[in-house]
Amino acid sequence: MILKRVTEALEAYKNGEMLIVMDDEDRENEGDLVLAGIFSTPEKINFMATHARGLICVSLTKDLAKKFELPPMVSVNDSNHETAFTVSIDAKEARTGISAFERHLTIELLCKDTTKPSDFVRPGHIFPLIAKDGGVLARTGHTEASVDLCKLAGLKPVSVICEIMKEDGSMARRGDKFLSDFALKHNLKTLYVSDLISYRLENESLLKMFCQEEREFLKHQTQCYTFLDHQQKNHYAFKFKGAKTHDLAPLVRFHPIKEDFDFLTTDAFEVFFKALEYLKHEGGYLIFMNTHSKENNVVKDFGIGALVLKNLGIKDFRLLSSCEDRQYKALSGFGLKLVETISL
């Protein structure tokens, strides 16, 4: 079923059709209208503005953002999902920049190889978003999903995305009859971010285990697994054996590092050692993610942690967390199930 949905969606995307992409209920829980940038027309942009009603944005890769000299909109991103907005832009030729034709003109420029940074003015009425390297396997957002769709379809990695809102101005949520009726009315295919995650996991890998060895860690004997990701960064998993080891749903603690084992300089020194005591007693996995995230932002890079768990053959797990309401997104796409959260 998932393969069929993704295959049909990719075929539609290649042919210039719009799709509805939905994320998990525990994330933004919304449906976005997405379109490959190279198929943008004034009519399609007008359709998004008229029927989807959300903010029209353009998702693209970090390399393209760099090429067009699009810096982050803010120096500190503290939005709920850390959506990577750049400065907004208009085509230099545009007058007001807001008409469907002029917004299309700006999008068209983002898709051309010959476009220069000077072809845009800032700020404007198109809002570029930078997709995270690794796509939905690194961050489970609409931004990454729409760029992944372009890459999988063999198209330039620029997508137009727009949130779908109801007529009363409220968000159309996953599970709403509104979204299914919207898809039926406009003959649009629907895809889930978790579908893309599953599809990519079946066809590629961002993470490979290259070392497994017995290693002493803070005076405790562990099994150490070392992984290499697509950016040539190392990530580590230490397996602890405890008196109450739960093999079916092991304890897991995710921890960010800035360099190899540079955990002592993180913001969570006390929490780290509290988690360590749990693992020594009950057994489980301590996973170091080389993501340069702060402790309170580790969820942003959960994709890497999920890939580590998948490589270790773990399906169900219990999470050691310093924040009970922290939400880990699109777990089903990784074949994972969080059965319990233990507060530190």
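Using the three backbone atoms N, Cα and C, a Cβ is placed for every residue, glycine included.
Keep in mind that what you see is a predicted model, and the values were worked out from it rather than measured.
What Swiss-Prot records for 1-202 is region 'DHBP synthase'. Marked as D-ribulose 5-phosphate binding site by Swiss-Prot: Arg27, Glu28, Asp32, Arg139, Thr140, Gly141, His142, Thr143, Glu163. Residues annotated as Mg(2+) 2 binding site in Swiss-Prot, with similarity to another entry given as evidence: Glu28, His142. Per Swiss-Prot, the feature Mg(2+) 1 binding site maps to Glu28; the stated evidence is similarity to another entry. The feature site 'Essential for catalytic activity' is assigned by Swiss-Prot to His125, Glu163, with similarity to another entry given as support. Per Swiss-Prot, region 'GTP cyclohydrolase II-like' is recorded for 203-344.
The two recorded residues, Thr140 (D-ribulose 5-phosphate binding site) and His125 (site 'Essential for catalytic activity'), show a Cα separation of 26 Å.
In terms of C-alpha distance, the listed binding-site residues Asp32, His142, Glu163 place Glu163 closest to His125 (site 'Essential for catalytic activity'). The most crowded of the recorded positions listed here (His125, His142) is His142, judged by how many other CB atoms sit within 10 Å of its own CB.
In the three-state DSSP scheme, Glu163 (D-ribulose 5-phosphate binding site) is classed as strand. In this structure, of the binding-site residues Asp32, Glu163, the smallest number of CB atoms within 10 A of the CB marks Glu163. In this view, Thr140 (D-ribulose 5-phosphate binding site) is surrounded by 28 other Cβ atoms within 10 Å of its Cβ, with every protein chain counted.
Note on the region 'DHBP synthase' (1-202): mean pLDDT across this stretch is 94.
According to DSSP, Asp32 (D-ribulose 5-phosphate binding site) is assigned to a strand segment.
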